[in-house]
Amino acid sequence: MTKVVLASNNAGKLREFSAILSEAGLEMVPQGALGVPEAEEPHPTFLENALAKARHASRLTGLPALADDSGLCVRALGGRPGVHSARYAALAGGEKSDAANNRRLVGELASVQDRRAGYVAVLVYVESADDPRPIVAEGYWEGEIIGEPRGGNGFGYDPHFYIPALGKTAAELAPAQKNAHSHRAMALQSLLRALRARGGA
Ligand SMILES: O=c1nc[nH]c2c1ncn2[C@H]1C[C@H](O)[C@@H](COP(=O)(O)OP(=O)(O)OP(=O)(O)O)O1
Ligand SMILES: [Mg+2]
C-alpha cells in the first residue's frame, strides 16, 4: 500500500478523503499526525495554494503528498469568498470559524435574489517536494445559498449549501451521499484516474 501524507488540517476534509482513499488501496496519513504545521496559503488561485500545501507536506515528511484547496464561489458576490473562504469572516475583523464565515455570507446575501453558488476543489498530488510532474484535478458542485441552516453533517458552509436536484443541503446528506456528488469527491476520482494512468518517471 502506498503511503501518502494528506496535506490538510481540516477534519471534515480528512474524513471525506479517507473514505474514498481506503477503497482505492492508498494509506493516508494526516499531516498533523506527522507533526507538519499549517502551510501558508497566500496565492490568488486554488491551484497555487494546493501546490504550496502539497510541497510543504512532502518536503517535511519525505512522502508523496495530496493537498486540497477549496472554497465557495458565489455568483452575486463575483466569485467570493473563493480562495478566501476559510478566512472570510477573519478578513472582515471576525473570528476564523465556520460559524462566523456563515454569518458573514448569509448577511451579505440577505437582500440578494440570485442565490447561485458553487463549491470548487483543486487537488494536487506530488511524489516529492520538487516533483516536476504534479498531478492536478478539479471538481465543481453547483448549488444555492439558503439563509436558514439545515442539517448536521459535513462542515464549513454545508448547512447553507442547498442542492436543488437533491432537495437537500450538503449538511443533510449522509457522508456517502456527499462523497457521491461533491466537488472534492469528483476531483479525487479524477486524480486517482490520472494517477493510475500515469507512466513511470
Ligand atoms: O465540502 C465542503 N463543505 C463545506 N465547506 C467547504 C467544503 N469544501 C471547502 N469548504 C470551505 C471550508 C473552508 O472555509 C474553505 C476551504 O479552505 P482551505 O484553505 O481549502 O481549507 P482549510 O483551511 O479548512 O484546511 P487546509 O488548508 O488545512 O486543507 O472552503
Ligand atoms: Mg487552509
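Positions of Cβ are set from backbone N, Cα and C atoms, glycine also.
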**Q.** Candidate sharing the substrate site with SER8, ASN9, ASN10, ALA11, GLY12, LYS13, PHE155, GLY156, TYR157, ASP158, LYS178, HIS183, ARG184 (per TrEMBL), from SER70, SER97
**A.** SER70
Q. Per DSSP, SER8 (substrate binding site) is which: helix, strand or coil?
A. coil
Q) Taking each of the binding-site residues GLY12, GLY156 in turn and counting other Cβ atoms within 10 Å of its Cβ, which one has the fewest? A) GLY12
(Q) Out of ASN10, GLU40, GLY156, ASP158, which binding-site residues have CB atoms lying under 6 Å from ligand 1? (A) ASN10, GLY156, ASP158
Q | Greatest C-beta neighbour count within 10 angstroms, which of the binding-site residues GLU40, ASP158 | A | ASP158
Q. Per DSSP, to which secondary structure element type does SER70 (substrate binding site) belong, with helix, strand and coil as the options?
A. strand
